[in-house]
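Here the structure is laid out as structure tokens; the discussion comes afterwards.
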Amino acid sequence: MARFKSITLEWREDRVIFIDQRKLPIEEVYVECKTHEEVYGAIKDMVVRGAPAIGASAAFGYVLGAMEFKKKPEELAAHMKAVKDRLAGSRPTAVNLFWALERMERLFASTPSLSHDELIKTLEREAIAISREDILTNMAIGMNGASVVRDGDGILTHCNAGALATVDYGTALGVIRSAVEMGKRVRVYADETRPYLQGARLTSWELMKSCIDVTLICDNMAGWIMKKGYVNLVVVGADRIAANGDSANKIGTYSLAILAQKHGIPFYIAAPLSTVDLSCNNGEEIPIEERSHREITHIGEIRIAPEGVKCYNPAFDVTPWNMITGIITEKGIARPPYDVSLAKMFESTH
Ligand code: MRU
């Protein structure tokens, strides 16, 4: 049995261990999952979050599901289908979750004659391969994206598309890391990202740990700092990109794209091709998760809104393709029209 460790998750032969992203940056504590049901809970409750990170996590959940099986061999296929469906039900928007589970399921279906032990080893190798590939993919995204960063740039980012949202290195933050590794000086502005505060809690923590200059702002300050000329570039991640380039990302991204357009600032999405869902023609077809109203009415344990107030809490929005300057992937930077440029990138991968 093999082991794997990154900042976001660790695979330790019979369990997956996550840094608890709900507790950062106040506490650095870890959550151990020994069953696929526990991995389901960790994704749903956002112990682990971010599109590529939940994909890799689900792959390990699938391995745990195979390990749990103790019945007759002829019942294994139905068990694994139930494991996959359960994990796939954890969060709806990030397509990497379904991408990783389908990859695991394809492998399972293609190896019917393996013993149970061999099957587990095969699935475990695949989950580790997904994790390792994610890091290499992010480094390639970083290298490709660093070309749009100029020395001295002020870069605005939203939510957390960093090491914590992936297996390691990050997508949007990967672009920033690569630019810094090339010697470019940058100032990063991190939106706090209401209501879950991924920017305040995770992006600022991550960038400070990497000694990258970061300034935390509230979401409603973005327009003003653009007006003041502090921002030359916006780079964010994505949870699902439709075939035409419409991109779903953390709620608030669409507003940033409008602000960037108004101020003539380039607006880039950084994401792996596993985030592109060619089965969605456009953003209208991307399912948008709605989360608990408590995320709006409370900050941590503290109530900040009157009891019983009506709330609406969509976790993602969709930025239309024609507001996106480029989509930075591991294969290069796709430019509009994206139905053509993204399709070409897929052709070159097969
Ligand atoms: O709700 P979250 O924290 O899972 O949302 C995460 C984002 O929106 C990220 O920007 C996206 O997943 C890209 S991560 C590289």
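The chain as shown is numbered from 1 upward.
A Cβ is built for glycine as well, from the same backbone N, Cα and C atoms used for every other residue.
According to TrEMBL, the features are:
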BINDING   R49, G50, A51, R91, Q198, N249, K250  substrate binding site
SITE      C159  site 'Transition state stabilizer'
ACT_SITE  D239  active site, proton donor
Next on the checklist: Can you name every residue in this chain, apart from R49, G50, A51, R91, Q198, N249, K250, with its Cβ inside 8 Å of the center of the Cβ atoms of the recorded substrate site?
Outcome noted: I54, A94, C159, N160, A161, A165, G237, D239, A315, F316
Next on the checklist: Below 8 Å Cβ to Cβ and six or more residues apart, same chain only. Which residues does that give for R49 (substrate binding site)?
Outcome noted: Q21, I43, A165, Q198
Checklist entry - Measuring Cα to Cα, how many angstrom lie between C159 (site 'Transition state stabilizer') and A51 (substrate binding site)? => result 12
Next on the checklist: Measuring Cα to Cα, how far is R91 (substrate binding site) from D239 (active site, proton donor) in Å?
Outcome noted: 11
Checklist outcome for this item: Around the Cβ of R91 (substrate binding site), other Cβ atoms within 10 Å, all chains included, total 21
Item to check | Binding residues R49, G50, A51, R91, Q198, N249, K250 (substrate) - maximum C-alpha distance in whole Å | outcome: 17
Checklist outcome for this item: In all the protein chains shown, the tally of other Cβ atoms within 10 Å of the Cβ of the residue listed as 'active site, proton donor' is 32
Checklist outcome for this item: By a three-class reduction of DSSP, A51 (substrate binding site) is assigned helix
Checklist outcome for this item: If you measure between the CA atoms of K250 (substrate binding site) and D239 (active site, proton donor) and round to the nearest Å, you get 8
